[in-house]
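Among the features that Swiss-Prot reports, active site is placed at D257. The feature Zn(2+) 1 binding site is assigned by Swiss-Prot to H35, H37, D114, D257, with similarity to another entry given as support. Residues annotated as substrate binding site in Swiss-Prot, with similarity to another entry given as evidence: H37, V38, R39, N66, N230, H261, Y273, G274. Residues or ranges marked as Zn(2+) 2 binding site by Swiss-Prot: D114, H138, H187.
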Amino acid sequence: MRIYDPFRKKWIEEEIETPFPSKGLVATFPFVDLHVHVRLNGGEDYSSLEEASLVGGFFKVVVQPNTKPLIDSKEVLERHLDLSKNRAVEFLFAVSPFGSIEAEGERVVGFSTDGIEYDYPTLVETMKKKKKALWFDHSQMYEVDGIFYEGAPLPFQKRPRSNEAIAIARTVLTGLEYGFERFHIQHVTTKYSVEVISFLKNLAKVSCEVTPHHLFFCYEDIKNTNFKINPPLGSPEDRRALIEAVKKDVIDVLATDHAPHHEKPDDFLTAPYGSTSIEIAFPAYYTALGDLELVVKKLTKKPLEVLGVEARLTEDTLVFIDPEAEFIVDAKKFKSKGKNSMFDGVRLKGKVVALKLKGRWVMIDGEVIADQKEND
């Protein structure tokens, strides 16, 4: 079997025993997602998110803080740590910078502003006081806002496409002034943001990510409320700029922003933001970019670099992929409790077939193996 090592940028040929037909498959290091959401309280819990992650080929994910209640206190964080422990997927946490806790301790990787509305004075005061850590930034100027970007063919309040880029510059420059050194810009959406990030990389340690939906769709593709996401879909020109930025390494990481909702109303004004994507992230990225090595690098090596984690490829921990398989997405079959995917009904190329972690088969052909001890 052909194995791709993203850390050495090298293809290897090895014989690997599998409990499924392996002709035509390739294997590589399992995926890392820097951006997922959990709902609890009847929504996406850690069991369903774990299953969805494994089906997608992910073994390590970073949970964002905008749960109910926010992960902004020791008590709430400890609850999440307890609910997510002892699982096949390693759940890491980015906590709110606006609460009473610091970004330190067990499985905590940094601060995140994702899904938290704040103003500039609050940002300044927070950056002055908090211990310096990796800062995940949802870059948005809430003072001038709207459901979609200007140019979207829908009769709703719009936000300028420059909104995100201005917020990115504001966060990074303010953070530098108050001692922050590492910034990770979340879900980049416009050509303006790409240009600003490219410049800021000369001043600070800045990385960024893009979602599968922003690479695959633009605002001309909006059909229903599954396409209501924050930040919104950009223009066709923005989508092309994002693809080019991934190829040129201006965009470092591919991250899903997996935002599950069991049901979304048909009304754009009342429907929540978000799209479910972690189970079909690899094929969505592969279909959009068409470069297996590039996609694997930005789902493995690059997100681990953002986290400051060193890793190496071993034969007991692999994800198995069929790069030629094509299928039509059926969101009703997702393991996630969220069926709100804008990819529903879309034909994609590339399929995650199986996942092996520390010598144990944890997922085969879309089914999670419940009792992993049976693999011993």
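Note: Cβ is positioned from N, Cα and C throughout, glycine not excepted.
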So if I measure Cβ to Cβ from H37 (Zn(2+) 1 binding site) and keep only same-chain residues at least 6 apart in sequence, which ones fall under 8 Å?
E44, V63, Q64, N66, T67, G115, D257, H258, A259, P260, G274
Residues other than H35, H37, D114, D257 within 8 Å, Cβ to Cβ centroid, of the Zn(2+) 1 site?
V36, Q64, G115, H138, Q186, H187, A255, T256, H258, A259
Additional residues surrounding Zn(2+) 2, by Cβ distance to the D114, H138, H187 centre under 8 Å:
H35, Q64, S112, T113, G115, F136, D137, S139, Q140, Q186, N230, P231, D257
List only the single closest residue to H138 (Zn(2+) 2 binding site), chosen from the binding-site residues V38, N230, H261, Y273 by CA-CA distance.
N230
Largest tally of Cβ atoms lying within 10 Å of a Cβ, found at which of the binding-site residues N66, N230:
N66
Counting across all protein chains shown, how many other Cβ atoms sit within 10 Å of the Cβ of H261 (substrate binding site)?
23
Given H35 (Zn(2+) 1 binding site) and H261 (substrate binding site), what distance in Å do their CA atoms have, once rounded to a whole number?
16
Binding-site residues near H187 (Zn(2+) 2 binding site), in sequence order, restricted to V38, R39, H261, Y273 and a 10 Å Cα cut-off
none
Taking residues H37, V38, R39, N66, N230, H261, Y273, G274, which bind substrate in the record, the widest Cα spacing (Å, whole number):
17
Please state whether DSSP places H35 (Zn(2+) 1 binding site) in a helix, a strand or coil.
strand
Packing count at Y273 (substrate binding site) (other Cβ atoms within 10 Å of its Cβ):
17
Round to a whole number and give the Cα-to-Cα distance in Å for the pair N230 (substrate binding site) and D114 (Zn(2+) 1 binding site).
10
Would you pick out, from the binding-site residues H35, R39, H138, the residue whose Cβ has the largest number of other Cβ atoms within 10 Å?
H35
If you count other C-beta atoms within 10 angstroms, which of the recorded positions D114, H187, D257, G274 is the most crowded?
D257
